[in-house]
Amino acid sequence: MATCSRGCAPAVRFCQRLNRLKTLDGDMMATSLKRCLSTLDLTLMGVGGMVGSGLYVLTGTVAKDTAGPAVIISFIFAGIASLLAAFCYAEFGARIPKTGSAYMFTYVSVGEVWAFLIGWNVILENMIGGAAVARAWSGYLDSIFNHAIQNFTETHIMQWNVPFLAHYPDLLAAGVLVVASVFISFGVQVSSYLNHIFSTISMVVIAFILVFGFVLADPANWSQEHGGFAPYGMSGILAGSATCFYAFVGFDVIASSSEEAKNPQKAVPIATAVSLGLAATAYILVSCVLTLMVPWRTLDPNSALADAFFRRGYSWAGIIVAVGSICAMNTVLLCNLFSLPRIVYAMAEDGLFFSVFARVNPVTKVPVNAILVFGILMSCMALIFDLEALVQFLSIGTLLAYTFVAASVIVLRFQPEKAGSKDTAATSPNANAEVSPAPSEIQTTAEDSEEPKQYESFSDKLQLVERQKTRERRGVGLLRAYWEPCLDRLLGDCEPGEVVAFCVTILIVSSVSLCAVLEFGNEQLQFPVWCFTMLVVIFSLAYVISLALIWIHEPQRDAKTFQVPLVPLTPAASILFNVFLMMKLSLLTWIRFTVWIAIGLLVYFGYGIWHSKEGLRELQPKDMAARYVVLPSGSLVETVQSVQPDGQVVTSAPQLSPSAAPTAAEASGKR
């Protein structure tokens with residue numbers, strides 16, 4: 001057994017390195033970035049990230065091809081599903097006001113390698129998203145001038161017919177990305193001012209569309225003569241909800257900006273709720289106006305709103321709609337270019353990505369290297385790639401990030417806070433306030449034993465009586481008192497939060513299995529009815545039982561910042577919905593995702609794991625450790641332990657601790 005244990009030790013240590021958590025110590029409000037964003041700034045960023053070209057294109061596409069006028073209900077369902085994920089982001093953004101969004105949230109609760117992969121996917125998501133919006137912006141502007149830009153480029157510059165590449169280099173899209181990157185590198189306030197301008201114009205145009213559109217509304221367009229309100233039934237509404245869900249994916253820019261917010265504990269939850277509410281209201285009302293102005297069967301998917309006003313005899317209104325569309329796309333572009341460098345900066349700051357991107361300009365207080373390098377990379381993608389085939393790749397990265405953030409909320413809610421890394425540092429105005437560390441007993445003996453008792457520090461001995469009192473109360477991550485008589489023998493020996501972490505894993509696995517059976521069981525896999533039913537029942541029971549086991553444990557109840565309501569139900573519902581949407585993606589998308597993950601693992605194992613600051617932090621305290629031994633006589637002895645790389649501990653001769661000796665004598669009354 002000893003030989004087997006020694007042989008498995010390297011593998012165990014390797015797994016521990018992969019799953020180490022980020023330590024949040026000190027004042028979390030301290031940052032090298034500039035905290036200058038208000039609640040209004042964050043709200044407009046969230047609105048700008050969500051209300052983009054989708055308002056002018058997606059509404060018409062879903063209404064004509066998927067749901068009909070019932071696209072209104074599709075947006076309501078999609079808004080509710082997005083709210084579940086937004087709750088999770090709001091809690092983390094308020095509790096951990098650090099940049100990095102889903103990457104940071106995963107790092108502090110799930111593990112290092114998972115956080116790196118989430119950040120790696122979010123990087124690609126923002127790059128493709130920004131490049132796709134730039135090309136859409138260029139194409140929309142080109143269409144206003146009757147494709148003069150495209151014709152000139154193909155005639156006088158170049159064109160090619162290569163798979164996955166565009167037919168011509170989109171110089172306009174690449175140029176707008178470079179210009180936007182330069183403006184964002186001037187500082188967060190410049191980015192905020194630009195976003196204010198474009199968001200204000202966009203909202204004024206939306207107000208014009210709603211007022212003038214309702215004046216032109218004709219309720220007969222919802223009548224049975226034109227197919228009725230829900231021509232595709234409930235299946236069309238649900239399919240439309242899955243598509244409309246991606247209209248709300250921009251709210252994570254708020255969490256990415258939390259390290260630059262003045263008061264993130266209040267601003268992040270408020271901005272998330274208000275921006276999501278405004279975006280959902282805009283999508284629902286515009287969909288209502290659009291399907292009431294003209295029959296839904298006659299909508300032009302490429303420019304539904306402008307075409308609707310043109311067909312009602314108000315072609316001049318199309319110009320106003322075009323201005324609103326371009327401004328809305330500008331806000332989405334700014335949000336992508338704003339979020340991406342900060343995620344790269346967070347990963348580089350933690351040592352998982354190249355350190356050159358962790359440098360912050362001392363004047364503008366922004367990561368200029370990350371902004372310019374990734375802005376240029378994004379412009380190169382917009383210049384040469386045909387991004388229509390890659391746009392679907394965006395969804396898998398977003399949904400995966402949502403899933404891990406929701407899982408992180410559950411894990412962290414049922415995990416006791418570590419001494420020295422409490423989030424009170426982020427919320428307490430007094431940075432010098434003392435936080436009494438929780439006693440951590442590393443070795444105990446029988447109460448009536450005469451052998452010395454060993455503790456982490458002398459303060460533990462002074463708090464023995466208090467610890468015995470607190471044992472009577474149920475701590476965070478332990479069984480609730482009501483369930484202790486029934487399940488204590490089965491689960492009582494587990495560490496706080498250990499059962500919850502295991503149940504979250506089962507929750508995700510059962511969600512994936514259940515959605516896979518529902519999506520592929522009947523058609524692709526052709527399961528018999530009895531087999532299909534049995535698998536659905538088994539995975540549903542696993543999902544429900546894991547939820548129940550999580551619920552019977554004590555959560556954190558000291559709510560200093562915003563907390564997601566109805567945990568674990570709310571994040572569990574978000575996980576199930578996100579996994580279901582991922583199962584709707586094509587096989588080619590999953591293949592591309594696998595390739596990108598493989599590239600990311602090469603970067604992590606080639607660079608990140610060796611330069612991780614958490615890895616360096618682990619080595620420092622283990623080089624030399626001091627332990628205090630309380631003898632039966634009441635005297636205090638300090639034992640210095642040298643920790644070897646292979647985990648062996650060599651203990652030197654005990655010596656009296658000069659600093660703690662007076663305290664020991666005072667406590668024992670014998671000095």
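Each Cβ is built from the backbone N, Cα and C atoms, and glycine gets one as well.
TrEMBL annotations:
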- 424-433: compositional bias 'Polar residues' (COMPBIAS)
- 657-671: compositional bias 'Low complexity' (COMPBIAS)
- 562-612: domain 'Cationic amino acid transporter C-terminal' (DOMAIN)
- 421-454: region 'Disordered' (REGION)
- 648-671: region 'Disordered' (REGION)
- 37-58: transmembrane segment (TRANSMEM)
- 70-90: transmembrane segment (TRANSMEM)
- 102-123: transmembrane segment (TRANSMEM)
- 197-217: transmembrane segment (TRANSMEM)
- 229-255: transmembrane segment (TRANSMEM)
- 267-294: transmembrane segment (TRANSMEM)
- 314-338: transmembrane segment (TRANSMEM)
- 366-385: transmembrane segment (TRANSMEM)
- 391-412: transmembrane segment (TRANSMEM)
- 527-552: transmembrane segment (TRANSMEM)
- 564-583: transmembrane segment (TRANSMEM)
- 589-610: transmembrane segment (TRANSMEM)
Point to revise | Number of helical, extended and coil residues in the domain 'Cationic amino acid transporter C-terminal' (562-612), per DSSP | key: 40 helix, 0 strand, 11 coil
Point to revise | Contact set, same chain, for the transmembrane segment (267-294): CB under 8 Å, 6 or more residues outside the stretch | key: 37-39, 42-47, 49-51, 54-55, 59-60, 63, 68-69, 71-72, 75-76, 79, 82-83, 86, 89-91, 93-94, 97, 206, 209-210, 213-214, 216-219, 221-222, 244, 247-248, 251, 254-255, 258, 261, 304-305, 308-309, 311-312, 561-562
Check your understanding: In the same chain, who gets a Cβ under 8 Å from the transmembrane segment (37-58) while lying at least 6 residues past its ends?
Key -> 133, 136-137, 140, 188, 192, 195-196, 198-199, 202-203, 206, 243-244, 246-254, 257, 260-263, 266-268, 270-272, 274-276, 278-279, 282-283, 286, 301-306, 321, 324-325, 328-329, 331-332, 334-335, 338
Exercise for review: State the residues, same chain only, that lie 6 or more residues beyond the ends of the transmembrane segment (527-552) and have a CB under 8 A from a CB inside it; answer 'none' if no residue qualifies.
Suggested key: 410, 414, 479-480, 483, 487, 499-500, 503-504, 506-507, 509-511, 513-514, 517-518, 521, 568-569, 572, 576
Revision key, fill the gap. Looking only at the domain 'Cationic amino acid transporter C-terminal' (562-612), mean pLDDT returns 91
Point to revise | the transmembrane segment (589-610) in contact with the transmembrane segment (102-123), cutoff 8 A, at least 3 CB pairs, sep 6+ | key: yes
Point to revise | Considering the transmembrane segment (229-255), which listed stretch of 70-90, 314-338, 391-412 counts the most C-beta pairs under 8 Å | key: 70-90
Check your understanding: Against which stretches of its own chain does the transmembrane segment (70-90) lie, if we need a Cβ under 8 Å and a gap of at least six residues from its ends?
Key -> 59, 62-63, 101-102, 105, 229-232, 236-238, 240-245, 247-249, 251-252, 254-255, 268-269, 272-273, 276, 279-280, 283-284, 287-288, 291, 402, 405-406, 408-409, 562, 564-565, 570-571, 573-574, 577-578
**Study point:** Same-chain residue ranges lying at least 6 outside the transmembrane segment (314-338) that approach it to Cβ under 8 Å
**Key:** 45, 47-49, 51-53, 55-56, 126, 129-130, 133-134, 136-137, 140-141, 144, 176-177, 180-181, 184, 191, 194-195, 198-199, 201-202, 204-206, 208-209, 212, 216, 250, 253, 256-257, 305-307, 371, 375, 378
